Amino acid sequence: MTDFDDYAPQPGGLAARAAAAAQRPPYLDGLNPEQRAAVETLDGPVLVLAGAGTGKTRALTTRIAHIMALGKARAWEILAVTFTNKAAREMRERIEMLVGEGAQAMQWLGTFHAVSANILRRHAELVGLKPNFTILDTDDQIRLLKQVLQAENIDDKRWPARALAMRIDSWKNRGLSPGQVSAGEAESFANGKGAQLYALYQERLKILNAVDFGDLLLESLRLFRENADVLADYQQRFKYILVDEYQDTNTAQYLWLRLISQGRRNVCCVGDDDQSVYGWRGAEVENILRFEQDFPGAKIVRLERNYRSSGHILAAASHLIAHNEDRLGKTLFTDGEDGEKPTLTGVWDSQEEARVIGEDIEQLQRKGQSLEEVAILVRASFQMREFEERFVEIGLPYRIIGGARFYERLEIRDALAYLRCVAQPADDLAFERIVNTPKRGLGDATIQLLHAFGRRERIPLMQAARVLVETEEMKPKPRGALKNLIADFDRWRDLIDTKPQHELAEMVLDESGYTEMWRQDKTPEAAGRLENLKELVRAMEEFPDLAAFLEHISLVMDTEESKEQERVSVMTLHAAKGLEFETVYLPGWEEGLFPHQRSLDEQGRAGLEEERRLAYVGLTRAKRRARIFFASNRRIRGLWQPTVPSRFVDNLPPTHVEVVEAPSGAHYGGYAVSRFANLDVYGSDYSTPGWKRAQGARPAPARESRPSSRQPLTIEGEVVARSSSTSRWNAGARVFHMKFGPGTVATVDGNKLTVDFDKAGRKMVLESFLEAG
DNA sequence: CCTCCTACTACGCGG
DNA sequence: TAGTAGGAGG
């Protein structure tokens with residue numbers, strides 16, 4: 001009544017609202033209502049359908065901050081999965097900006113593969129592995145498959161290991177173990193041996209104490225399925241679960257996620273069907289469509305307000321993607337200004353393309369554009385090379401993301417193989433790689449011997465070697481060399497817990513003669529390789545131990561590049577998903593390259609639509625400037641071929657796109673003209689100006705990158721030379737040896753026998769090499 | 001067993 | 001074209 005006492009603000013009045021706002025945590029400021037819903041709807045399943053540039057990452061990171069701020073869960077009780085390392089890293093950085101140090105405690109933030117690897121190491125024994133298992137990359141995988149094919153006497157010309165690897169991958173992506181592969185599909189490789197080869201491969205992996213990328217998921221899935229208590233533990237542990245880029249989950253990931261989230265059901269998935277570009281590795285967009293069925297009562301939040309791109313860019317992208325039939329369909333809008341229209345430029349060939357883009361960037365740079373805000377997004381990584389060469393020439397600082405990576409270089413892989421052998425004596429692939437590097441006189445014959453014995457006894461090569469050097473199966477020279485090598489490894493392995501890993505690495509590389517090998521090498525690359533080895537040792541310092549370092553490089557192959565200097569980023573469209581730049585260059589919009597021919601051949605319309613989504617992803621990375629290019633000639637496998645502009649060019653709305661002539665007088669600038677200009681005019685071979693120009697002075701590309709094979713992993717291992725089992729033979733028995741011929745057993749010591757050979761005299765040999773004589 | 005040469009394939013995207 | 005795998009010869 002009175003205006004003087006007991007005054008309280010009226011509920012809902014101005015003062016109350018202002019007061020509430022003051023109490024609202026600052027991180028919620030500036031979120032639009034939909035974003036706030038995505039952040040504040042904490043309990044129960046939530047699906048956030050977020051268009052490109054609608055603040056999805058912001059919503060996700062704020063949600064995590066909110067969970068922690070309300071005390072709903074601690075950092076380590078939150079599971080947050082992404083697809084790429086880049087996305088995981090960025091998410092951690094952004095959370096750190098919101099909550100500070102707390103972000104470091106989020107030990108369950110990472111890629112599906114990294115999180116799975118973590119879980120798997122904790123329970124390795126339950127799926128028949130040791131905790132220090134090795135994670136093989138594609139290269140190792142293929143080498144191993146080659147061995148399997150060889151052992152099965154399958155012609156690897158007709159049935160390439162590569163093809164088998166792809167098939168096994170796709171089975172794993174779908175969550176299929178060898179027994180679950182349908183007969184029809186198993187039929188399709190090596191006359192029905194597909195599933196059998198898959199099974200053999202898995203068997204070999206177990207012996208090697210190794211998994212491939214697909215196994216990380218599949219094996220942890222199996223772990224959960226076969227161990228209810230373990231599953232229950234994780235279901236309880238993770239109070240909140242967040243999944244980024246949900247449209248990219250494959251079946252195995254989907255099953256994994258569904259199991260792990262059934263406990264508390266606080267799962268929040270964020271995705272955009274228009275940005276589904278990983279169909280080729282088994283992603284199922286259906287997962288996103290099925291969400292409501294899988295999680296009844298799920299709340300759906302739609303983010304459609306675009307904050308990133310200016311009007312014309314958004315219009316162009318929306319128009320383009322509207323050509324797809326398979327989409328949920330959503331309408332992005334922006335309140336921002338129209339800005340610049342995306343430009344379209346036809347150039348003569350890929351070299352001109354690189355030149356024009358280089359000049360354009362320099363011009364923007366003069367106007368104050370930061371190079372950090374400029375990106376070139378290509379369809380295929382081989383396109384990067386042209387830019388690299390040109391930028392080196394004109395001195396434009398650039399950064400290749402996801403190209404030929406540091407850890408894929410020959411010398412780095414060799415060095416890692418040494419470390420893997422130290423950490424993980426069962427790692428045959430690593431051992432095989434370096435037994436004779438540098439040359440030790442351990443050639444094919446020796447390796448074959450080790451293999452034969454190892455296979456027969458089902459033991460790793462290193463262990464086989466250990467046993468074999470105690471006998472006379474080998475000639476003295478290789479025997480001595482192998483003995484030394486094993487002794488070296490034993491010595492290094494003893495230091496694993498006491499010596500800092502980078503010092504150990506240096507020691508290994510020196511004492512093995514590996515560094516010396518490159519010092520002796522007179523080729524021009526040798527110096528660079530030695531530099532890289534130094535860099536590797538330096539990089540190791542940052543890790544707590546060898547195991548941590550090896551884990552890091554199996555899962556996170558890219559080095560975090562320095563940000564000291566501003567650089568233009570060059571990367572694939574796939575790698576660019578989730579990122580944004582002021583200015584984006586989109587070269588190579590030509591039929592066959594983009595959309596990629598193989599995508600069309602293999603997937604038909606679905607393939608085309610995925611390619612179109614990729615184009616959409618590319619365009620929507622741009623905040624202010626998007627520049628599309630197509631060339632009339634491109635070098636494919638060393639041959640210059642005339643090309644035709646991409647059909648996606650025709651999918652762009654003319655009113656929102658500006659056609660720009662290439663400054664250097666490319667006469668086929670306008671796309672209406674150039675679309676067919678090149679088709680028949682020049683014929684297809686060596687009379688084209690492009691070819692002629694190509695014959696002109698081309699600086700010899702000085703580029704170094706030798707992908708080869710190999711990878712890393714983990715600590716400590718035991719080697720048991722077995723000597724106690726009894727032999728099939730007793731003294732006096734007649735036996736036959738492949739190399740030494742017939743003889744009589746003199747003495748027996750476990751699996752080692754001394755035999756008096758009729759011709760070769762007395763030798764100590766292994767039982768497994770003997771037959772009844 | 002090593003080195004040199006020839007022949008073949010590959011240039012689709014990632015953990 | 002380039003990088004590598006496999007074969008021949010020393």
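Numbers run from 1 along the shown chain.
Just so you know, glycine gets a Cβ as well, placed from its N, Cα and C.
No curator has checked TrEMBL annotations; they are predicted automatically.
According to its DSSP assignment, A:Gly55 (ATP binding site) is coil. All protein chains shown were included, and the count of other CB atoms within 10 Å of the CB of A:Gly55 (ATP binding site) stands at 21. The ATP binding site annotation in TrEMBL covers A:Ala50, A:Gly51, A:Ala52, A:Gly53, A:Thr54, A:Gly55, A:Lys56, A:Thr57.
On the 0 to 100 pLDDT scale, the domain 'UvrD-like helicase ATP-binding' (A:29-310) averages 91 in the predicted structure. The domain 'UvrD-like helicase ATP-binding' annotation in TrEMBL covers A:29-310.
According to TrEMBL, the feature domain 'UvrD-like helicase C-terminal' maps to A:311-578.
Among the features that TrEMBL reports, region 'Disordered' is placed at A:690-713.
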For A:Gly51 (ATP binding site), nearby residues of its own chain (Cβ under 8 Å, 6 or more apart in sequence): A:Asp272, A:Asp274, A:Leu303, A:Glu304, A:Asn306, A:Lys330, A:Leu332
Residue with minimal Cβ packing [other Cβ atoms within 10 Å] among the binding-site residues A:Ala50, A:Ala52: A:Ala52
Output field, ATP shell: CB within 8 Å of site CB centroid, site A:Ala50, A:Gly51, A:Ala52, A:Gly53, A:Thr54, A:Gly55, A:Lys56, A:Thr57 dropped: A:Ala59, A:Asp272, A:Leu303, A:Asn306, A:Tyr307, A:Arg308
Residue among the binding-site residues A:Thr54, A:Thr57 whose Cβ has the most other Cβ atoms within 10 Å: A:Thr54
Which same-chain residues, if any, lie at least 6 apart from A:Lys56 (ATP binding site) yet have Cβ under 8 Å of it: A:Val48, A:Ala50, A:Asp244, A:Val270, A:Asp272, A:Leu303
